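S.K.: The structure follows.
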């Protein structure tokens, strides 16, 4: 029982409109990544500027509680935004709320840089307030961008298109390092200062207060540039037809987009909707889709514990790898420069390639294999780093950097990408955005465990604690490896076939062997 508008979307050739959709949705993730990760390049500068205590003979450092809130509050906002906008995306439509997320991101990125106050505490409170709402807007982009790209794409290249949107996160991380490096390089040239061990007071340039504000505010630029084009996108044909029940409008919108003639099938649509009218909170939904929802939520939760722990604590790992000097050997702005340069190098050679390997291979290898191998390799490399941490830190920094980079590579050519793709494919249209939001919010809950738990535990940088943290993260990834068996391969099939909306056998009733990629492909055509 297929609708012509859905079949047209599934069989459409790849054309310029698909590329445009990738860029528009992807630029949101570029902004998301920049805003979430640029804080890592300036958090030590905030400590030097606002929390220097001359009696310690050490550079100022954010207190553990303040550091956790500054770096983690955006994650709390992101989780909230995912749930709210994911639900709204199903209730009101993807397009109606898509522009709101961008407005919030632009406004709060600018306001983060304008954080004010007469004391260190008041500045941090203001900064955290705006970064919470920045995260709220960022969170809304997760389910909406994934769902929109999933519903626009054809079934042959859908995974690659969704992964390409998410891969812009890698570009955003690189850009966060690059912008911080360029701006701090300019400031370092114009506002020279002695190192901390030469003059603790003069080593912190007052101009650094302008530097961190500029770095945070730059995040508003790419989001603002795409607002017009985001508002020009029509509602997805699947939402218009299946949820709103307007076959005529769906056919007209998609005919204009795909440049083909599509017949509106209103009578057939009524039959289609009647067969798929069970609510989200029902036993029928959980019988059909509960295992997949548990799988996507648990895998994303476990992945983000490790992924965000690494990203948010890498500024503390870099000195151990020899990528930057010890803090006493630098002035405040030089520390920003060296931290951002190290972040840029690791992202360019470790983080960025993994995203695009997923884009190029996801339709060949499938989501299941990529996620399985990614979790396993992350667990292996983190285990090696944990066991040999002192040796790597003291005697083989090059190997340390290689292993650390490989964990990022296999995170992104692995579960960091596939946990974003799978929830956009596994669930019915009328709850797709909400289910993606549940999965993404579960991931952000894991990120908060990393930000508030692992980061707090390793904040003092003692080798024993970092070693233990790496071992914990290795075990976490191993659990993610086994949780992957709760999801199924979606490669090469329509969204309606995967979710059972077309009346065929739901994947949730398939045997465990059917879940493995490349096995019993003939089961796709079996009837209930």
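Yeah, the Cβs are placed from backbone N, Cα and C, and that goes for glycine too.
Taken from Swiss-Prot, the feature topological domain 'Cytoplasmic' covers 1-18, 90-96, 144-158, 230-292, 363-371, 423-433, 490-528. Sequence annotations record features per position, and here Swiss-Prot assigns transmembrane segment to 19-39, 69-89, 97-117, 123-143, 159-179, 209-229, 293-313, 342-362, 372-392, 402-422, 434-454, 469-489. Look at Swiss-Prot and you will find 40-68, 118-122, 180-208, 314-341, 393-401, 455-468 tagged as topological domain 'Extracellular'. Annotation source Swiss-Prot lists region 'Disordered' at 497-528. What Swiss-Prot lists as compositional bias 'Basic and acidic residues' is 497-507.
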S.K.: Check for me, if you would, whether the transmembrane segment (469-489) reaches the transmembrane segment (372-392) - at least 3 Cβ pairs under 8 Å, residues 6 or more apart in sequence.
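M.R.: Touching, yes - the transmembrane segment (469-489) and the transmembrane segment (372-392) meet the threshold of 3 or more Cβ pairs under 8 Å.
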S.K.: Quick test of the contact rule: Cβ under 8 Å, at least six residues beyond the ends. What residues does that give for the transmembrane segment (209-229)?
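M.R.: Result: 20, 23-24, 27-28, 30-31, 34-35, 38-39, 41-42, 45-46, 49, 99, 102-103, 105-107, 109-110, 112-115, 179-180, 183-184, 187, 333, 336.
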S.K.: Which range out of 19-39, 69-89, 123-143, 342-362 gives the transmembrane segment (159-179) the most CB pairs under 8 Å?
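M.R.: Highest pair count goes to 19-39.
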S.K.: With DSSP as the reference, give the number of residues of the topological domain 'Cytoplasmic' (423-433) in helix, strand and coil.
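M.R.: Summed over the topological domain 'Cytoplasmic' (423-433), the classes give 7 helix, 0 strand, 4 coil.
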S.K.: Just to be sure I understand, if DSSP states are collapsed into helix, strand and coil, how many residues of the topological domain 'Extracellular' (118-122) fall in each?
M.R.: 3 helix, 0 strand, 2 coil
S.K.: Which residues of the chain, 6 or more past the ends of the topological domain 'Extracellular' (180-208), have a CB below 8 A from one of its CBs?
M.R.: 38, 41-42, 45, 48-49, 52, 54, 57, 59-60, 214-215, 327-334, 336-337, 339-341, 343-344
S.K.: By Cβ distance under 8 Å, which residues at least 6 away from the ends of the topological domain 'Extracellular' (40-68) in the same chain are close to it?
M.R.: 120, 123-124, 176-177, 180, 196, 200-201, 203-204, 208-209, 211-212, 215-216, 311-312, 314-315, 327-328, 332-333, 335-336, 339-340, 343, 451-452, 455-456, 459
S.K.: Given the model, what does the mean pLDDT over the topological domain 'Extracellular' (40-68) come out as?
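M.R.: That stretch averages a pLDDT of 88.
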S.K.: Kindly report the helix/strand/coil residue split of the topological domain 'Cytoplasmic' (230-292) according to DSSP, in that order.
M.R.: 41 helix, 0 strand, 22 coil
